[in-house]
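*Asks:* Below you will find the structure I want to go over with you.
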């Protein structure tokens, strides 16, 4: 049984939301755009709903895009920037190349906002709000989002390669990368739960299927029936870019099935299943598998923390006119 300290306010989930973050953090504020751009919430929701209607994968894509932005030198919209003569951006970094998506949705939101409220709402705030909306629209929790982040002026392919966690890394190395961002081990377990939606390409898990750790055999932990299905989907000499659901139980529903999968050794990624190899993280997995509202509560709290990593405020950075490029005239 999990420690009772894990269960504050569990019977009334929303009672925790109001205490997950202070009213302001630095120069961020919940009501930052209320006067300058009152249509912001409506524009975000409409575009996210429209994108989800056309592509159910976009929920996971936008959530991942936000994570990949904040994890590389902080939440500054750098992942949205195209390469220039001055820098090689993050889009072509190994964890992102032919993988991150959702840029068109962010661009559509930005275009609508530029018509309604020119040079007012930052691209990073758009991405942060869009990530929250896709979780809510997929059945997950709501959390308050502090606003007023500014867009960064540069991006770095090398930083993305160095700082983003990899599905091939051991748990201790992933945890160290979270610590570097001011996040903790619970955040590792909770934010990994975002894999309750979305897909992974074969290359991200194929080594578990045929030659795990150069053994010439599959990963012995992986459930045998799941192994057989995955070997059919991703044959050893076949395509590395085919996709399969991260959570086969509820592909588009944001829920706690991801943790139940780990309990039954059906986690898709090596880094996911590794959460069961550590007693502390395994206890958390068990708790989240049993108590969905505990997961929702902690996921909301971790998303607030993630969204406040390394933000730019005040006169630092800028408000981009187009999310893929810096305003060089500012």
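Glycine residues also receive a Cβ, built from the backbone N, Cα and C atoms like all the rest.
From TrEMBL, here are the annotated features:
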DOMAIN    27-327  domain 'Plant heme peroxidase family profile'
DISULFID  37-117  disulfide bond
SITE      64  site 'Transition state stabilizer'
ACT_SITE  68  active site, proton acceptor
BINDING   69, 72, 74, 76, 78, 90  Ca(2+) 1 binding site
DISULFID  70-75  disulfide bond
DISULFID  123-323  disulfide bond
BINDING   165  substrate binding site
BINDING   195  heme b binding site
BINDING   196, 247, 255  Ca(2+) 2 binding site
DISULFID  202-234  disulfide bond
*Asks:* Given residue 202 (disulfide bond) and residue 75 (disulfide bond), what distance in Å do their CA atoms have, once rounded to a whole number?
*Replies:* 29
*Asks:* Determine, for the Ca(2+) 2 site, the additional residues of the same chain whose CB lies within 8 Å of the mean position of the CB atoms of 196, 247, 255; present them in sequence order.
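*Replies:* Near the Ca(2+) 2 site, beyond 196, 247, 255, sit 193, 195, 197, 249, 250, 253, 254, 256, 257, 258.
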*Asks:* What are the other residues, in sequence order, whose C-beta lies within 8 angstroms of the center of the C-beta atoms of 69, 72, 74, 76, 78, 90 at the Ca(2+) 1 site?
*Replies:* 68, 70, 71, 73, 75, 77, 79, 152, 155, 159, 160, 310
*Asks:* Near residue 123 (disulfide bond), which of the binding-site residues 69, 72, 76, 90 can be found within 10 Å, Cα to Cα?
*Replies:* 76
*Asks:* Report the nearest neighbour of residue 75 (disulfide bond) in space among the recorded positions 69, 90, 165, 323, comparing Cα positions.
*Replies:* 69
*Asks:* Compared by Cα position, which of the recorded positions 68, 74, 78, 90, 247 is the closest one to residue 165 (substrate binding site)?
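*Replies:* It is 68, whose Cα lies nearest.
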*Asks:* Could you check the binding-site residues 76, 255 and say which one's CB has the most other CB atoms within 10 Å?
*Replies:* 76
*Asks:* If I restrict to non-local contacts, at least six residues apart, and a C-beta distance under 8 angstroms, what lies near residue 37 (disulfide bond) in its own chain?
*Replies:* 113, 116, 117, 120, 121
